[in-house]
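Inspection log for the structure reproduced underneath, given as structure tokens.
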Amino acid sequence: MSLSHRGSQPLDLAAAAAPELDDDGRAARTGNLWTCMAHIITGVIGAGVLALSWSVAQLGWVAGPVAVLCFAGVTYVSAVLLSHCYRSPVAASGSEESSSSSGKTQRNYTYMDAVRALLGRKHTYVCGSLQYLYLYGIGVAYTITTATCLGAIKKSNCYHGHGRGASRCGSDADEQHLFMLLFGAAQVVLSFIPNFHSMAWLSAVAAAMSFTYATIGLGLGLAKTVGDGAIRGSIAGVPMATTAQKVWRVAQAVGDIAFAYPYTIVLLEIQDTLRSSPPEGETLRKGNVVAVVATAFFYLCVGCFGYAAFGNAAPGNLLTGFGFYEPYWLVDFANACIVLHILGGYQFFSQQIFTVADRWLAARFPESAFVNRTYAVRIVPGLPRYGLNLQRLCFRTAYVASTTGLAVVFPYFNEVLGLLGALIFWPLVIYLPVEMYCVQRRVRPWTPTWVVLKAFSAVCFAVGTFAFIGCVVGVVRKRLG
């Protein structure tokens, strides 16, 4: 008895020390509803909110708010469809609880994993190309936005000291490029965050910042509308010289609204951070409802109050277009919040590319010390050593440098946002989630559910194509002067 007891003690201690594992053998996920909402809001509320007043102005008082609400509904439906694809295939009973315990399912850790498991290799190639192009483009757009916000802070302080519109307060291209380089340097440092699971704190900060500057934009628009005692704008929106110009401007506005919403391309990565009890899909769908409703409310208020305040003169960027000048300190604070949010948002999206690059290079060069070896380096005295990997250092630095370089070449805020939103709206936000859901749930052709989903996809295809063409026209015209 004594020997048995002494021999079993080390085993008990080892079991107690061993980390808890999920059903896939990985460390147990710890995410909950709050972290889920933080990730979603970080992914949704971003630079796009600043262009909504301009977008509503192009569409007018009827079509503008309707478009904002419609894209909110589309985003919600897309997220619900995709959330069912985290585990595949579904168990016989169809419940997620039985799926996780039956041993007949696998987790799809990323969007591409789900596409590969449910639709096959060809769809995976298309998905991967568009997804990573979009994620890369967001890095470019966020770099442009940060430079714009930092320039706005400098200009706001100058206007306060020397008068509104003072010539000495103008900014030049060199100054904007300097701000972009500073943002790039900050992102190189933040790129040392090892992976998506290690940045919950950054998402929480970014989500708080997004609510802060969206609320300030809303408050300033409301205050100006009430102070002026008039609601500006019209049913038809901003008039243009020709019908063709109006059509392309409307298309660009639709693209900007499309950019402001979708986060489905990182939805499964968010779902993969959630603990399994309650089921991940249940938690995600609750978080999705709260986040989309909150986002739609802010977007509608910011867009409509901004349009009501400035009418057809609504700036392309609500807080940096200098529709608001005073109180200058509040405008400065709002722009600082945007910068802090984008610092986290850039990593939120870029970590997806970093993870894929790390896995691919490790599989391609398993014997390479440059790729696989980690060095313990003490960067800050008094803190634990950091595991430095040379491949990560070089790849992530080059990645940040390339997004910064493209931002310098194409510094067009509204046009770039619209082009990115229109590019991925139908294929990644609509088509693939619909197709995967049909395969996952075994939806038979020509049943009512199948017809509704296909009609939904067709309508969104028409909208996305229209917006994409209009945004391409806008970028070309801007670049050619």
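Using N, Cα and C of the backbone, Cβ positions are placed for all residues, glycine too.
Annotated features, as they stand in TrEMBL:
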| type | residues | note |
| --- | --- | --- |
| DOMAIN | 30-476 | domain 'Amino acid transporter transmembrane' |
| TRANSMEM | 36-56 | transmembrane segment |
| TRANSMEM | 62-82 | transmembrane segment |
| TRANSMEM | 200-223 | transmembrane segment |
| TRANSMEM | 289-308 | transmembrane segment |
| TRANSMEM | 328-349 | transmembrane segment |
| TRANSMEM | 419-439 | transmembrane segment |
| TRANSMEM | 451-476 | transmembrane segment |
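Taking every listed stretch (62-82, 200-223, 328-349, 419-439, 451-476) in turn, the largest tally of C-beta pairs under 8 A with the transmembrane segment (289-308) is reached by 62-82. Remote same-chain partners of the transmembrane segment (200-223), defined as residues 6 or more beyond its termini with a Cβ less than 8 Å from a stretch Cβ, comprise 31, 35, 37-39, 41-42, 45-46, 49-50, 53, 190, 193, 273, 298, 301-302, 305-306, 308-309, 318-319, 324, 330-331, 333-335, 337-338, 340-345, 347-348. Outside the transmembrane segment (62-82) by six or more residues, the chain places 44, 52, 55-56, 111, 114, 235, 237, 253-254, 257-258, 260-264, 267-268, 284-285, 288-289, 292, 295-296, 299-300, 303-304, 307, 429-430, 433-434, 436-437, 456, 460 with a CB less than 8 A from a CB of the stretch. With a threshold of 8 Å between CB atoms, the same-chain residues lying at least 6 positions outside the transmembrane segment (419-439) that come near it are 48, 74-75, 78, 81-82, 84-85, 111, 114-115, 118-119, 123, 126-127, 130-131, 133-134, 137-138, 141, 251, 254-260, 262, 264-265, 450, 453-454, 456-457, 460-461, 463-465, 467-468, 470-472, 474-475.
If you look at the transmembrane segment (328-349), the same-chain residues 6 or more away from its ends with a CB under 8 A from one of its CBs are 39, 42-43, 45-47, 50, 135, 138-139, 142-143, 145-146, 149-150, 152-153, 156-157, 159-160, 183, 186-187, 190-191, 193, 199, 202-203, 205-207, 209-210, 212-213, 216-217, 220, 266, 319-320.
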